Amino acid sequence: MEGGPCKGLGEMGKGSYRSLSGTWRRAESAVNRAVAHSRVGKYFKVEARKSSFTKELRAGVATFLTMAYIISVNAAILADSGGPCTHRDCRQMHVAANSSTMHAHHAVPGRGCDLDADAEYQKCLATTKSDLVMATVIAAMVGSFAMGSFANLPLALAPGMGANAYFAYNMVGFHGTGPVPYKTAMAAVMLEGCLFLALSVLGLRAKLARMIPRSIRLASAAGIGLFLAFTGLQAREGIGLIGPSKSTLVTLAACARTDAATGECLSGVMQSPTFWLAAAGFLVTAVCLSRKVKGSMIYGIVVVTLVSWFRGTSVSVFPDTATGNSNYEYFKKVVDFHMIKNTAGKISFSGFNTSQVWLAVVTLLYVDVLDTTGSMYSMAEYGGFTNEEGGFEGEYRAFIVDASATIVGSALGTTTVTTYIESTAGLREGGRTGLTAITVAALFLVSAFFTPLLTNVPPWAVGPSLVLVGAMMMKMVKEIEWAEMKEAVPAFLTMILMPLTYSIANGIIAGVGLHAALHLYDNVVGVWRWVAKARKMMGEAQNQVSAAAADMPPTPV
């Protein structure tokens, strides 16, 4: 018989695979039908939005894995401020007895010890960093759950990257060397959240957002895509293909050795092992996307992360250093639930008598309004949620949730909580209801117990997904009226400034400002014509009244 027994075994294997695959598909369909027709399915409008339960789960997992990096990154940035730790937490100095007191005592060390490697201060800082990991997780979990259950939108929330850097390096400063004390700075964050909530409840934020021209909103989606891709290509947050340069600002990198302070390449351009591992992950994800494989974003991240967890390799996330050893020891714990000790409730409004604090409040509010509103409307455009008026279903509740999450986050010790543009990864997987956001919240809850694993997902595992999400968001540019220069030029400026200034807000401001300037003549002419028409109508009405009065017979005496 041709092929012999091997061919028969092969056919049996294929038959078993088809049978298992068919059984799985039938079970999945049954679960999806059951959920769609249940109270839960009807509340979340799963069938009405042409989605399914399993699709929402996949979308939630994709979104979570794409934004899980914020757990460690946000904690690291905010810990640079020193948190509530001060020079008083440094090791107390033993002062010998003197002739006047005849008593030995312990003196509180002066300022500056917190900038040195003081053991007690570092201990306080380590506890604070663990607190901030948990604060990030809880804030993201609460915000995402509220967005899913209250607004029924597939958008995940977490502390924003721009606000945390401003807080740590401009407000509080490195280890508290800035103009605003930590507790006062956290109070400023809470106040900003309250102001944001007031704008949302009154509906002013939505009205302000709708004033942004459609071309700018479309360009914002593409600009955010470029911003994500640019972030994913860098070393600290991505694959490391792009690095800084003194002569050209940015240049080709992927270097074997870089300057720790500046990030500039020292040697070995395109010889970074982690870059080539990331490139392999990028290829895996891109191939899966091109073949429309479900869960494409997840596979690349998981593959690269698993390889990076092995020690003794050139791509290990645990290098043979003191920090690497410490991280590996924490990683080996696998399960760890940390109770917040230092950062929760550390808020004081007593320092609001300085201009620096109010400047910080205004700046935080400005960044939050523009970044969050731009991101939310861009993702609504990308997900197809927008209506003819330019809004989207659930926007009022979404704005309230977004603002409320900031208040919760500030109470825990983290900065402005915002809607994450990484939610587009879930939208790409087909997420269309709040079940996606609730899945993200559930995974953040799980991560509270598995923080040692999730804080060690390397940036070169996340970077490829950020680049690919950016590529997918570029589809919005086809709807811009490129033949109309009054729309095209502001749209282009919006897109290009977001990655080049590393700010979504700057791109929106420039685009809206240029759009208004280019349409200024049209607006002035329109107002002039309206005034002239109104005057003409008033004149005609006055003439009609005069004519009617003249035609009336005289009143007899």
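Placed from the backbone N, Cα and C atoms, the Cβ positions cover glycine too.
Nobody curates TrEMBL annotations by hand; they come from automatic prediction.
Record features, source TrEMBL:
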- 59-79: transmembrane segment (TRANSMEM)
- 132-151: transmembrane segment (TRANSMEM)
- 185-204: transmembrane segment (TRANSMEM)
- 216-235: transmembrane segment (TRANSMEM)
- 273-290: transmembrane segment (TRANSMEM)
- 398-421: transmembrane segment (TRANSMEM)
- 433-454: transmembrane segment (TRANSMEM)
- 489-518: transmembrane segment (TRANSMEM)
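The stretches the transmembrane segment (132-151) and the transmembrane segment (216-235) are not in mutual contact, being linked by fewer than three Cβ pairs under 8 Å (pairs 6 or more apart in sequence). If one looks beyond the transmembrane segment (185-204) by at least 6 residues along the same chain, the residues whose Cβ comes under 8 Å of a Cβ in the stretch are 81, 163, 167, 171-172, 346-349, 351-352, 357, 360-361, 364-365, 368-369, 396, 399-400, 402-407, 409-411, 413, 415-416.
By the count of Cβ pairs under 8 Å, the stretch nearest in packing to the transmembrane segment (398-421) among 59-79, 216-235, 433-454, 489-518 is 59-79. Listed as Cβ neighbours of the transmembrane segment (489-518) (distance under 8 Å, sequence separation of 6 or more from its ends, same chain) are residues 162, 212-213, 215-216, 218-220, 222-224, 226-227, 229-230, 366-367, 370-371, 374-375, 477, 480. Long-range contacts of the transmembrane segment (433-454) within its own chain (CB-CB distance under 8 A, at least 6 residues past either end) are made by residues 44-46, 49, 51, 53, 56-57, 59-61, 63-64, 67-68, 71-72, 133-134, 137-138, 140-142, 144-145, 147-157, 330-338, 423, 426.
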